[in-house]
């Protein structure tokens with residue numbers, strides 16, 4: 001079969017999880033439960049922070065935005081994964097594949113920028129506490145959040161345009177659990193070194209620069225915390241950063257190995273594992289990390305639940 005360009009290629013086939021096809025029923029249940037927990041957990045955190053006046057601070061403002069972002073981040077890939085686990089025809093249209101890739105990378109880039117903004121917020125709160133209220137105003141928080149979303153959605157545009165112009169051959173099986181740039185490039189019928197270089201440059205800039213900024217912020221935070229004389233003071237100061245730092249290490253640890261590399265070939269097993277970590281595991285554990293390690297948030301959740309319970313009782317009586 002001769003090569004054909006993208007205009008005649010109607011759809012791709014997502015292989016999904018071929019090596020565990022014999023237990024795809026159990027895998028569907030497990031992935032569905034993870035998705036439902038992710039949706040419920042992040043929605044709970046978002047609503048509690050928005051409804052509880054005690055949490056209307058810059059730190060929780062960013063946490064609520066992160067939870068809101070995770071809702072869309074998981075919705076980009078997991079529903080299609082679930083559908084493919086139940087269907088024998090695991091297809092996705094060419095335009096649908098490009099859209100999934102675009103939104104997945106846009107939201108991923110937005111999360112990189114948002115985690116950086118959260119690190120800057122913690123740096124100001126701990127290293128410059130006297131100036132913090134004057135600097136981190138509600139207006140600045142809103143501008144930073146808007147900037148994170150805007151920059152995130154602008155970043156992958158050039159990559160998507162370059163991929164959309166590639167000629168594709170008759171073989172259309174994407175050896176991945178969702179549409180992404182590396183497996184798409186492997187199906188092209190021409191040299192993709194330019195695409196690989198552009199992907200590497202953009203990913204390296206977004207991921208490495210934001211991660212470096214976060215690490216510098218935490219380096220200064222740790223230096224300031226160590227100067228606190230009392231153990232209780234040091235513990236209290238760093239407890240506000242522990243949850244965020246844990247999320248940063250899990251998220252960046254997986255995407256750095258996945259996207260900051262100059263090669264067209266890749267290990268399927270490694271990429272599937274990393275893809276599950278940053279597309280499923282990270283959004284799943286975020287609500288657990290932020291709720292279990294944050295006493296104020298736990299109290300706010302209890303207040304919200306009890307308040308609704310009291311209102312329901314009053315309505316019945």
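Using the three backbone atoms N, Cα and C, a Cβ is placed for every residue, glycine included.
Per TrEMBL, the range carrying the annotation transmembrane segment out of 223-241, 242-260 is 242-260.
The stretch that TrEMBL tags with transmembrane segment, taken from the ranges 1-24, 25-48, is 25-48. Residues 17, 31, 34-35, 37-38, 41-42, 44-45, 63, 66-67, 70, 73-74, 77-78, 104, 108, 176-178, 180, 243, 246-247, 250-251, 254-255, 257-258, 298, 301 of the same chain sit 6 or more residues outside the transmembrane segment (272-292) yet have a Cβ under 8 Å from a Cβ within it. Here the domain 'G-protein coupled receptors family 1 profile' (41-290) returns a mean pLDDT of 89 for the predicted model. Counting residues 6+ beyond its ends, the transmembrane segment (25-48) has Cβ neighbours under 8 Å at 17, 55, 63-64, 67-68, 70-71, 74, 78-79, 81-82, 85-86, 280, 283-284, 286-288, 290-291, 297, 300-301, 304 in the same chain. When Cβ-Cβ distances below 8 Å are used as the criterion, the transmembrane segment (60-82) is approached by residues 14, 16, 28, 31-32, 34-35, 38-39, 42-43, 45-46, 49-50, 92, 100, 103-104, 107-108, 110-111, 114-115, 117-118, 121, 138, 141, 145, 148, 177-178, 247, 279-280, 283, 286-287, 290, 297 of the same chain, each at least six residues removed from its ends.
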